[in-house]
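Swiss-Prot has this to say about the protein:
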BINDING   SER58, VAL59, GLY60, GLY61, THR62, GLY63, LYS64, THR65  ATP binding site
Amino acid sequence: MWLQKQWYKARLHPLLFLLTPLSLVFWLVTNLRRSFYALGLMPRYKADVPVIVVGNISVGGTGKTPMVVALSQWLKDEGWNPGIISRGYGAKGPFPYEVLESDSPEKAGDEPLLMRRRTGCPVVIAPKRAQAAKLMAEQHPKVDVIICDDGLQHYALKRDIELIMIDAERGTGNGWLLPAGPLREGPWRLKGADWVISNYGRHAFARHVVDVEPGNWYRVDNNEQVALKTESKFNAVAGIGYPQRFFNSLIEQGIELENSQSFADHHAFSQQDFSNLASNPILMTEKDAGKCQSFAQADWYYQTIEAKLPEVMKTNLLAELERKKNGHR
C-alpha cells in the first residue's frame, strides 16, 4: 500500500529512485516483446469476431470492470451477443474455464464472477487470453463480439478496438514504469490508441469521459436490496485497486464512517479480517461482497457502481463495430 501511494505522487520518492534501473529493464523487455508481436516474430491469435480490449497502462483501479459491465449490457440492448474473457486473477483453474453464476470467487476469481452475474454474458477465464477466446468460440458460436477485460498488454490476442481507461484523478502517477512507478507502458501508448477514456473527470489524453456513479445497496448475506439508513455510523472495508475512492464516495453520499480499512486488491477475506469492526454495520464494494457472503452478518452491505457511457461514444463505437463486423479488420 505504501508503494502504491508513492507511485501516485508527482515526485519520485528517493527510495523509488533505487528501483529505476529495474524500470529501465522492464521498459526494454516490454518494448522488445511488443515489437516482436508487431513484426510477426511471435504468433498472434485472430478471433473470427471483433475483439474489444478494455485495459489500462497503469496498475490499480481505473474503472475497467464497470466499463466492461456497462459495455456488455449496452451491446446486448443493441442486439449484439457479447462474450467476456478475462485473466481470472485468483482463480484456481484449470484454464481456460467458463465461469458459472454458481461458482465461488475462489474458483472463478472475484471480477469474472461479478461480470458473469451482472451481465448474464458468457465469461471465460485464462491467463492466456487467446486460449479464452478460442474456448469462447467453441462453446458459444452465437457470440459476435468479444470483450477482453484487462488485456491491453496481452498482444498474443489480436484486437480490433482498444479502450484504454485512465483515472483522471491520479493520471499516470510519477510517470515511471514498474517497479519505480505504476505504469505497465509509457504515456506514449495513449497517443496511438483508438479510444482513451477517463473517469472521475477529464484528462488531457482522453477523448471521452465516463461517469461512474454509485448504485443501489444490498445485503451481503442474501443480496436483498435495502434502503441504507445513512444516519447510522458505519465501518467500511475495501480490497480493490484504489480503496480510498470507495471511502471518499461513501463520505460524499453523506455516510459517516467510524473506521475504514484497506486491503490489497483481490484480497481473500476471512471472518478474522472483521474482528475489530463488529461495533458498527459494515459497508463494502460489490467485488468484495462475493468473498464475504458465506460469513456475512445481516448488517453488512455492499453498493453497486454504474458506468454511464456518453451517447457520442456509443454512436462512434457502434459504427466502428459494424465496420469491423463487415470485414474491415
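Positions of Cβ are set from backbone N, Cα and C atoms, glycine also.
Shown in sequence order, GLN4, TYR8, ASP167, ARG170, PRO182, GLY241, TYR242, ASP265 are the residues of the chain, 6+ apart in sequence, with a C-beta less than 8 angstroms from the C-beta of GLY60 (ATP binding site). Apart from the site residues SER58, VAL59, GLY60, GLY61, THR62, GLY63, LYS64, THR65, the chain places the Cβ of ASN56, MET165, ASP167, GLY241, TYR242 no farther than 8 Å from the centroid of the site's Cβ atoms, the recorded ATP location. Reduced to three states, the DSSP call for SER58 (ATP binding site) is strand. On its own chain, THR62 (ATP binding site) has ASN56, MET165, ILE166, ASP167, ASN199, GLY241 as residues at least 6 apart in sequence with a Cβ closer than 8 Å to its own Cβ.
The secondary structure of GLY63 (ATP binding site), as reduced to three states from DSSP, is coil rather than helix or strand. Of all Cβ atoms in the protein chains displayed, 17 besides its own lie within 10 Å of the Cβ of VAL59 (ATP binding site).
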